[in-house]
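S.K.: Please find one structure pasted underneath; my questions will follow.
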Amino acid sequence: MGTKLSVSLEGASTPETAPRVDRPPTFDPQYGFERPRKVREMKATWEEMEQWKLKPAQRDYCAHHLISLMKCQTQNAPFAGHACDGERGAWDKCEYDDHIMRIKEFERERRLLQRQARKEATA
């Protein structure tokens, strides 16, 4: 529950080792991995997202699941709540997995910045 507060306090006390969330990662995404990591790709096109009028916050790697949920809801209205459980579950799981992946990337960046600071301090 206090993650946001602890991250912001850590960023204020040691800004050189706190990752910036408004900028791309400073380290190579493949650094430290034996095999290359799979590059994430958008499955929904910009045209589909425009057609379904997705908000900017909804245009993420899970947009294709949201579009299929919205299609199901329009086809099964007014009983879409029960008919679209599978699509809703797929979208929720994708959003959860995306959130976990972003947290892991943030933690990886933070640890690499701390490691870099330790190396510079000893050199």
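Using the three backbone atoms N, Cα and C, a Cβ is placed for every residue, glycine included.
Sharing the features that Swiss-Prot gives for it:
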type     : residues    : note
DISULFID : Cys62-Cys94 : disulfide bond
DISULFID : Cys72-Cys84 : disulfide bond
DOMAIN   : 59-102      : domain 'CHCH'
REGION   : 1-32        : region 'Disordered'
MOTIF    : 62-72       : motif 'Cx9C motif 1'
MOTIF    : 84-94       : motif 'Cx9C motif 2'
S.K.: Averaged across the domain 'CHCH' (59-102), what pLDDT does the model get? Just tell me the whole number, please.
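M.R.: Averaging the confidence scores along the domain 'CHCH' (59-102) gives 93.
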S.K.: With a 10 Å radius around each C-beta, find which of these disulfide-bonded residues (Cys62, Cys84, Cys94) has the fewest other C-beta atoms nearby.
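M.R.: With the disulfide-bonded residues Cys62, Cys84, Cys94, fewest surrounding Cβ atoms within 10 Å: Cys94.
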S.K.: If one looks at the chain holding Cys72 (disulfide bond), which residues at least 6 apart in sequence have a CB under 8 angstroms from its CB?
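M.R.: Long-range Cβ contacts: Ala80, Ala83, Cys84, Glu87.
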